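Right, one structure below, let's go through it.
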Amino acid sequence: MKRAKLTSKLKQETRATFLERGADYLLGITDTLYPIFIGAWAVSVSSKIGTFLLIFGAIWTGINAGAMLTVIPGYLGAAEVLEKKMREAEERQAKLRARAFMLQSQRKRARAKAFMLHAKRETTRAQALMIQAQQETTRARAFMNQALGTIASVGVLLGVTFAIVPEFLPESWLHRLGIVNSEAMSYFVLTGGSFFILTGTRWCLAVALRCVGQANDARNGAILIFGVNLILDPLLIVGAGWGLVGSTVGTITAQIVGIAYLWMRFRRNALNQVKASWRLTRDVQAQLWGESGGNMMLKETCYRSFPFLMIFLIDPLGVAVLSAYRLWTMIFPPLIGSVGLAAGTVMHARVATLMGSAKKNPTQIKALRMEYDTDRKLCTAYSSRLLVRYCFPASLLVVAVLSLIYLPPKVGMESGLYLLAFFGLGAAGWYTCSLNAVLELALQGAGKMQTLFLNSLARMVGQLLLSAGAVMLLPTPMAAISVIVIYNAFMVVAKRQLASMSKSVLK
C-alpha cells in the first residue's frame, strides 16, 4: 500500500514538473514569436538578447537550484527517519508503561519498577530523536532562507549591472547584439534589469516548492505566468502600440504575478516560517557556490554553451543547413530534454531524500537501494510514455509553425528537408536523451557533482573535436548529418557511463 502511494506521488510530481517545464518552454517560444508583429529587426534583437540572458541566467540560477535540490531533501529525509524512530520509541515506551501498570496491579513491584525504568529510557530516547529531527528541519529551513537571500541579492546586483552597462559599451558591440535604435536599447535595459531579479527569484521559489513536495504549486505558477504573458503581450504590442517595450512590460508583469502566487504558496509549505535571509554563513555558502552549486554551474556551462559553439562549425555549410540546425536546437534538446528533466528533477529530490535517510539509518541501505532502483525505473518508463504521447506531436507542430515563420521561401524547402533529416536522426536518441537526464539528475541528488561535470566536459570536448573533423573532411551540407549522428553516438556512450555510475548510489 505504501509503495503504491509513493508510485502515485512520483507519477504526479513527474507530470506536474513536465507541465511546468512545458509552460516555461512555451513562454520562451511566445516571447520569440510576438516581436514578429513589430518587424524583422525586433525578432533579431529579442532572439539575440533573450538567448544571451537565458544562457547566463540558467547558469547562475543552476548554482542555487542544484544545491537546494541536493541539500534540502537530504535534511528532510534525515528528519523523516528520525521522526519514524521517535514514533517507534514512543510506541515501545507506551507498551512498557502498560506492562508496568499491569505488573503493579498484580503486586509484582520489582518487575514493574524495571519496566518503568525502561519506559523512561525510551521516553528520553524519543525526546532526543525529536530534538535531532527538529535540528534537521531547522538546517533545511536555514539553507532555503540563505539560498533565497543569496539569489535575490545576486539577482539585484546583476540586474542593476545589466541595466547600466549598455551606457558604457562601444557602439559596435551594441550593434552585434542588435541594438540599433532607442527602442532596442530600452528593451535591453528592461529585459536585462528584470530578468535576473524576477526570473531568478521565480525559478528559486519553484525549486524550493519542489523540494518540499509541492510540485503542483510550481506547475500552477509557470502556467499562470504563461497565461498572463499570452494575454498581455498582444494587447501591449499591437493594441497599445508600445512595440518591443510592450513585450518586455508584459513579460515583467506576468513574472510579478507568478512570483506573488508562488510566494503565497511558499509561505504555506512544509517548513513554515521560510523567508529570505541575508545573514550568510560559511557552510551554506560553501554548498551554494562550491561542492554542489559550483560544479552544477560548470556542468550547466558546458551543457548550455555546446549548441552555440556548434553553430560556428555549421555556419560555413550554408544558410539552409544553418537555419535547419538553429530550428533543431530550439526544438529538440529543450522539448525532448524537458521530459527527462521533469522525471530527473523528481529523482534528484528523491535520491537526496534517500541519501539523507541512509545517513541516519545505515542498517537500511539495502532496502533504500531497492527503493532507488524501483523509483528510477518508474520515472524512466513514465518519461518515455510522455515522450510518445505529448512530445512527438508537439515537436511536429512547433517545427511546422517555426518553419513557416522563420525560413525564407527560397531556402525553405531545402531547410525543411534538412530539418526532417535532423529530426529523423535525432528521434533515435529521444529515449537515450531522456534517460540520460533522469540518471544525471539522480546522480546530482547523490552529490556526485564533480564527477558529472568532468564527464560532461569530456563529452563536450570530444563531440566538438569529432564534429569539427567531420565538417573539415566533408565541407558539404552532408557534414551536418554526420554531426547529428555523432551527437546520438555520444548520447549512447553517456548512457552507458551514467548507468554504470548510478550503480554506486546508496552502496
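Quick reminder: no glycine exception, Cβ is built from N, Cα and C everywhere.
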Next item on the list: Among 79-106, 107-134, 275-302, find the range that TrEMBL records as coiled coil.
Entry: 79-106
Item checked: The annotated transmembrane segment range in TrEMBL, which must be one of 147-165, 451-469 -> 147-165
Item checked: Annotated range (TrEMBL: transmembrane segment) out of 244-263, 484-503 -> 244-263
